[in-house]
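Chemist: Take a look at this one; I'll ask things after.
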Amino acid sequence: MLALQINYTGDAEFFANIPPASWWAVDSFESHPWRVVDARTGAVLQEFVSAPGESLVRINAASAGGSRLQPGGQEVQPTQASDPPFEGWDGVGGGVDEYVPGSIAEIGLDHLGGVVLLDAEGFALPIPVPVGMSDAAQLFHTAGPEFRRPSTLALWVHSLQAAGASVDRVLITRLVGTTVYARVVLRLAGGQQSSLDARPADAISLAIQSASPIYISRRLAASQQPGSPELEVDWQEQAPPRPRRQGSPLLAPPLLQDPSLSNRA
């Protein structure tokens, strides 16, 4: 089973692979939605929202639903999963006035990793987007001259074109803690649009390869300007939780072990 957390733009982010007959504990925040899916079929086994205090969720893949037990022992029925529709201009409810045109000012790389500096129209300072070393190398490769054989990104673009779709725009949507979020908006064969969650490095590379426009969240751009009241303090407090521990019920959790064993050499 796979434990996925639904992020701030409605997409499922992978957190853990939970083997059969095992347990997994995580520090979460109240109101954060979670989804558990079958690793083989992708079928949704259960969805639930984090409640105040500690709670226990039991998943039974055979019954494809499981149950959720809160501290008082009350069972809560799982919700039904559904794909969110395309809403707003970015696909997740944001309007066109919430974004400004952007462009790549510089791509840097050192022994610690890379960074992409994005110019946002109407803002003095560029917006830094940290990327990994391999991502920076991919950006350099994409921004350079084309080779005779197609690159991975070129194949992506050619595949979209063969299916009658195209990259309409790339959006740098928000900053949560130190994580920058991005989306790729596709225009499908029938004229409909689809919005996909993407890592910023992949989204920017795809924009370069497909010659598609880049747009940056006005709020994100404003937060990077000196003296701006829109600092990221409130967004850092909303940072997604991270797994705390993972184990098997065959091994007793530390709180259930015999205290006398801790004194043995």
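Numbering starts at 1 and runs along the chain as it is shown here.
Glycine is no exception: its Cβ is also placed from the backbone N, Cα and C atoms.
Unlike curated records, TrEMBL annotations are generated automatically.
So TrEMBL has the following annotated:
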REGION    66-88  region 'Disordered'
DOMAIN    99-228  domain 'BFN'
REGION    222-265  region 'Disordered'
Chemist: Looking only at the domain 'BFN' (99-228), how are its residues distributed among DSSP helix, strand and coil?
Modeler: 39 helix, 55 strand, 36 coil
Chemist: Across the domain 'BFN' (99-228), what does the pLDDT come to on average, as a whole number?
Modeler: 90
